[in-house]
Each structure stands twice: as C-alpha cells, then as structure tokens.
Amino acid sequence: MSVPNEPDSSLAMHSWNLTPQQAIEVQKQLAVQTVRTGNPEGVQRVAGVDVSFNPREPKALVHAVVVVLSYPGLEVVDRQAVSAAVDFPYIPGLLSFREAPPILAAIGQLSQKPDLVIVDGHGYAHPRRLGIASHLGLFLDLPTIGCAKSILVGRADGDLAEAAGSLTDLLWRGEVVGRAVRTRSRVQPVYVSPGHRLGLDSAVEWVLRCCRGYRLPEPTRQAHNYSNLVRKARQPISLNGLSGAK
C-alpha cells in the first residue's frame with residue numbers, strides 16, 4: 001500500500017506522545033476492542049514484523065522492518081524498513097509505544113498489502129491483554145498474530161513434547177492466553193497468541209503453516225534477519241509525515 005497524503009483514520013486511533021501511565025490507560029481502553037475469533041480466508045500474502053535496537057546506541061534508535069511473503073509459496077515479495085530515534089522509554093508491557101510508530105511507517109511504504117501479519121512479540125498474552133500484535137491489528141484492521149521468543153506473562157500448562165508441532169496452553173490468572181508451540185524438534189518453543197481478528201487455534205495453525213524447519217515462522221524469521229541488517233547499516237529518519245506514525 002502506498003503512503004497516502006493524509007493518514008487513514010484507522011491509523012490515527014490515539015496519540016503516541018504519552019506518558020507511561022497514559023499508555024497503560026490506552027491499553028486498557030483498546031484491549032476490549034480486539035476481536036479474538038475467526039480465521040483469515042483467501043490469504044495470498046503474509047507479513048512478518050520485527051524490531052531491533054542496540055541498547056548502547058546513544059540515540060535509542062529503533063529499527064523496524066516488515067517483510068511480505070507470498071502464501072503458500074513463502075517467497076519474499078516486498079520489504080520495508082524505518083530506523084528512527086524514539087523518546088518513549090523501554091518498559092516491558094509497553095513496547096508498542098516505542099515500536100509501533102516506526103513499524104506503521106514501514107508498513108505504510110509497502111507496495112503490496114498483507115492479508116495477515118505475524119509479529120515478533122505478544123498479542124493477548126500480555127498483562128493488559130494488548131500486546132504489540134493486538135495494538136497493530138487494531139490500527140491496521142488486519143488479522144495479526146503474536147509470535148514471541150519468550151514468555152511475558154503466564155506459564156506453560158504442563159510439559160511440552162519434544163516433537164515439532166507439539167503444543168501446550170499458556171495460562172495466566174486462570175485463563176488460556178496463548179500457547180507454547182514447538183516449531184522444530186528439540187528446539188525451544190515460540191509463544192503464540194492472537195492479536196486481532198482471529199482465534200487462538202487459527203493463530204497456532206497459521207504459525208505452523210508458515211514454518212520451514214526453523215524455530216521462527218518464515219515471515220518473522222525473514223523480518224528478524226532483515227532487521228539485523230538494517231540495524232548495522234541504516235541511519236535514523238524523522239517519522240513526521242510517514243503513514244501510520246502519527
């Protein structure tokens with residue numbers, strides 16, 4: 001999708017210029033708007049989103065990338081990156097207020113719109129049920145999945161078998177908020193939760209469909225690799241005027 005002259009209303013749900021306490025209140029308000037049912041149909045393009053940064057960088061640069069893959073072929077058809085200095089502090093549970101503006105700016109530069117987005121991060125498995133995958137899903141009005149490398153809240157409900165495709169629920173405060181998913185035999189699992197416009201079962205199915213023998217599903221694996229390249233090479237830009245960065 002090309003960058004519009006004026007931001008789409010779906011990309012202007014709230015200001016990003018917030019204090020941490022204000023950000024928490026926004027999360028509480030938005031969490032009730034997420035839809036955790038359904039299964040995307042007619043998917044032809046799946047995007048992976050990842051962010052990298054170097055904590056030793058004095059300007060706190062965030063390097064956000066989106067990589068779009070064909071489906072079911074899983075070949076890269078588009079990718080974009082935005083590197084920008086951000087002011088919001090690094091606070092677990094509030095990372096979307098640091099990372100979403102450059103992510104949305106990168107997505108706004110795509111020539112091919114994805115039908116489904118897999119985010120390196122959490123969705124419903126979040127202290128206020130609004131991880132970055134859920135937050136992005138609401139802004140983009142697209143089905144989104146959180147696929148994280150570590151647990152933010154909760155614990156696995158029992159042992160997870162070593163075989164690829166093994167699953168166990170992720171429980172927090174008596175509720176199933178996600179699943180631990182073994183995507184490769186005898187390798188650490190990923191932690192999957194719905195972001196927006198699909199259910200947990202569908203989120204897990206899509207992650208497994210997008211795997212190619214690595215721990216990470218191919219969309220976020222490609223995004224992870226690209227974000228590291230960008231981190232080593234890119235210079236910061238201003239987010240002003242870029243789609244989705246308001």
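The backbone N, Cα and C atoms fix where each Cβ goes, and this holds for glycine too.
Annotated Mg(2+) binding site per Swiss-Prot: ASP50, ASP120, in sequence order, evidence recorded as sequence analysis. For TYR90, the entry in Swiss-Prot reads site 'Interaction with target DNA'.
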Number of other Cβ atoms within 10 Å of the Cβ of ASP50 (Mg(2+) binding site) across all protein chains: 28
Other CB atoms within 10 A, centred on TYR90 (site 'Interaction with target DNA'): 13
Inter-residue Cα distance where the pair is TYR90 (site 'Interaction with target DNA') and ASP50 (Mg(2+) binding site), in Å: 16
For ASP120 (Mg(2+) binding site), the number of other Cβ atoms found within 10 Å of its own Cβ: 26
Distance [Cα-Cα, Å, rounded] between ASP120 (Mg(2+) binding site) and TYR90 (site 'Interaction with target DNA'): 16
